[in-house]
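Features reported for this protein in TrEMBL:
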- D388: active site, nucleophile (ACT_SITE)
- E441: active site, proton donor (ACT_SITE)
- 16-32: compositional bias 'Basic and acidic residues' (COMPBIAS)
- 40-50: compositional bias 'Basic and acidic residues' (COMPBIAS)
- 231-586: domain 'Glycosyl hydrolase family 13 catalytic' (DOMAIN)
- 1-50: region 'Disordered' (REGION)
Amino acid sequence: MGKTKINEVNNLLVKNTEEKSVKDTTSKDKANTKKTSITKGKDKKNNTDKNVKTVKALAQKTEEMKRIKTTQKVNSNTLESTIISDFDIYLFHEGHNYESYSFMGAHYKSENRKRGVRFTTWAPKAQEVYVVGNFSSWKTKPEYAMEKINDQGLWSVFIKGIAPEELYKYAVKSNEGKLVLKADPYGVQCELRPNTASIVAQPKKYRWSDKKWINKRNKTEIYKSPMNIYELHLGSWKRNEQGEFLNYREIGESLAQYAKEMRYTHVELMPIMEHPLDTSWGYQVTGYYSVTSRFGTPEDFKDMINTLHKEDIGVILDWVPGHFCKDEHGLYKFDGTPTYEYEDTLKAENIGWGAANFDLGRPEVKSFLISNALYWLREFHVDGLRVDAVANMLYLDYEREAGQWNPNKEGGRENLEAVEFIKELNTAIFKEFDNVLMIAEESTSWPMVTMPVNKGGLGFNFKWNMGWMNDMLKYIELDPLYRKYHHNLITFSMMYAHKENFILPLSHDEVVHGKKSLVDKCWGDYWNKFAGLRAFISYMFTHPGKKTLFMGNDFAQFIEWRYYEELEWKLIDQFEMHRKTQDFFKALNRFYLENKALWKNDYNPEGFQWIDADNSNQSIIAFMRKAEKIEDTLIIVSNFTPVVYYNYNIGVPYPGEYIEVLNSDSESFGGSGQIIEESLFSQEGTWHNQKQYIKLKVPPMATIILKLKK
């Protein structure tokens with residue numbers, strides 16, 4: 001190690017002494033650290049003098065302990081010789097090791113020329129920890145006892161002779177003497193439910209072929225590019241003829257073809273981390289580093305992502321860093337006491353979901369979670385994370401009654417530890433991946449969610465617009481006779497549309513638990529429901545903000561989403577209206593991609609202009625979307641009543657010849673066919689504060705889009 005590296009370590013530790021935090025460590029900082037044996041970490045007091053004295057010693061030790069990474073072929077298995085360094089341990093306990101999965105968990109490797117597995121876990125208050133499996137007849141045996149390698153609770157052991165595919169768990173004996181079998185928190189593969197053991201993974205390296213996609217992603221101006229996200233649940237998107245789950249590879253081939261055909265830019269997968277119950281939809285996680293074995297192996301999942309990338313489809317994962325499953329084999333009371341969750345029972349208990357809340361202020365938990373986020377981005381080439389239930393993390397009183405929460409140290413309701421965790425998470429991610437998506441599912445008006453951390457924000461780059469969604473879903477259920485009294489529901493969103501980088505979501509949460517499917521929410525008889533859906537979705541795709549749509553909506557599935565069976569794809573073949581609805585979505589998605597006015601200035605107020613926001617009596621709105629050139633401008637008119645309006649005047653910004661470029665009432669989409677075939681020539685005269693206007697026919701329960709003819 002050169003002097004530069006020693007100075008980096010020295011500066012890092014001095015900074016930590018002065019600021020009580022390490023902020024700028026990356027995997028690159030650690031890449032050349034070497035070590036030849038596990039050493040016990042030293043206790044670190046808060047005493048500043050002692051910390052300063054350790055700087056030179058630790059820097060010198062790091063010089064001696066450059067991490068050696070070698071590989072050797074033994075029986076066609078790649079063995080990695082990597083031992084834990086004091087520097088890794090130090091960062092782990094400080095909450096700033098963002099690559100902790102590289103030494104935590106189970107690693108098939110060679111030590112002292114012996115093949116086997118190095119197991120490492122964190123159980124600070126455990127009395128004893130053993131590795132158990134078939135090799136031990138699932139009993140605790142002295143030869144499989146783990147050594148406590150420091151006073152902060154790291155346990156480790158190398159067991160020779162164990163190979164990949166071996167099942168294992170940790171037998172953790174609490175201070176009270178209770179022995180509990182735990183899956184590995186850092187396990188990268190798990191048994192198929194209902195079994196819960198971890199699996200020693202094959203150390204193979206998947207051969208990626210998505211370099212072209214990654215290069216394109218890294219150059220994309222994400223705020224000025226189209227983003228049309230297809231949200232899906234892998235277990236109920238499609239199944240085989242026997243009603244069984246498909247493999248990740250099978251899903252990848254079919255999904256890539258479908259997303260490409262429908263013109264989606266990204267797919268967003270509901271949680272694929274290991275979870276015990278299908279009914280949780282993946283949001284009650286037990287294995288944060290393991291893809292669920294329901295659909296195959298980690299290699300299978302990588303192949304699925306690779307397949308999507310080769311078709312220019314990005315992949316976003318739902319990620320749940322706020323709470324976790326309380327099943328006994330998981331993280332809950334890992335060492336017999338609160339370990340990953342808060343010690344404060346009020347903060348630890350997630351009342352609404354029956355889960356446990358992560359202690360986001362505990363350093364080792366921060367290392368676990370931030371490493372996990374980066375793990376999916378690094379190892380699986382994922383393009384972004386949708387962070388679940390951010391509001392539940394930010395507020396101590398979220399969905400709690402009086403007496404179910406305590407104020408923070410400043411007397412407020414904010415979870416200060418969660419705020420700092422989120423900022424550190426986003427800082428770490430964007431330092432390494434500056435063009436991935438970090439999407440907050442945040443349902444309150446917390447300020448500056450999508451503002452960079454260095455400007456006082458939380459650091460996400462996108463946020464779901466739950467306000468727009470709730471307003472619109474209320475509106476489409478209303479009888480058109482009464483919509484004029486609720487006109488603000490379709491106009492109010494523009495009062496705040498540019499305060500955050502919003503995504504307009506129509507997610508899985510809105511089509512379950514008796515809420516009805518999207519098409520069934522719409523007012524009216526059979527025809528009007530479909531017409532209302534098309535009018536609404538057209539308005540959505542012309543409203544500022546990126547888009548997210550849940551599976552099944554794009555062919556108007558009538559029943560609610562059922563997680564236990566595949567979508568009703570048969571509707572497309574059996575019923576004309578569903579087939580035409582799918583054709584509509586396909587055409588709208590294509591139109592969205594081809595018209596930069598609909599995405600180039602999503603987050604620039606100059607990209608949107610009202611023409612008429614006040615026609616509540618007829619429930620009609622009209623507005624413009626703009627890009628750089630005049631010819632890019634689109635005129636959008638939405639009529640949310642089942643009435644045709646003839647000779648309707650609309651003010652337009654430029655003189656000339658206008659043509660209809662999309663009409664949701666087209667017969668080819670299932671509409672009544674009230675289309676505008678002729679050109680519309682502007683006339684002089686002030687209308688809607690414009691110097692000219694056009695006279696047109698407005699179709700019933702429809703959205704039309706006009707454009708200047710070239």
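Keep in mind that glycine also has a Cβ here, set from the backbone N, Cα and C atoms.
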Under DSSP, is the residue listed as 'active site, proton donor' helix, strand or coil? coil
Please work out the mean pLDDT for the residues of the domain 'Glycosyl hydrolase family 13 catalytic' (231-586). 97
What are the non-local neighbours of D388 (active site, nucleophile), defined as same-chain residues 6+ apart in sequence with CB under 8 A from its CB? P271, Y283, D318, W319, V320, P321, G322, E441
Measure the Cβ-based neighbour count of the residue listed as 'active site, proton donor', defined as the other Cβ atoms within 10 Å of its Cβ. 19
Simplified to three states, DSSP reports D388 (active site, nucleophile) as coil
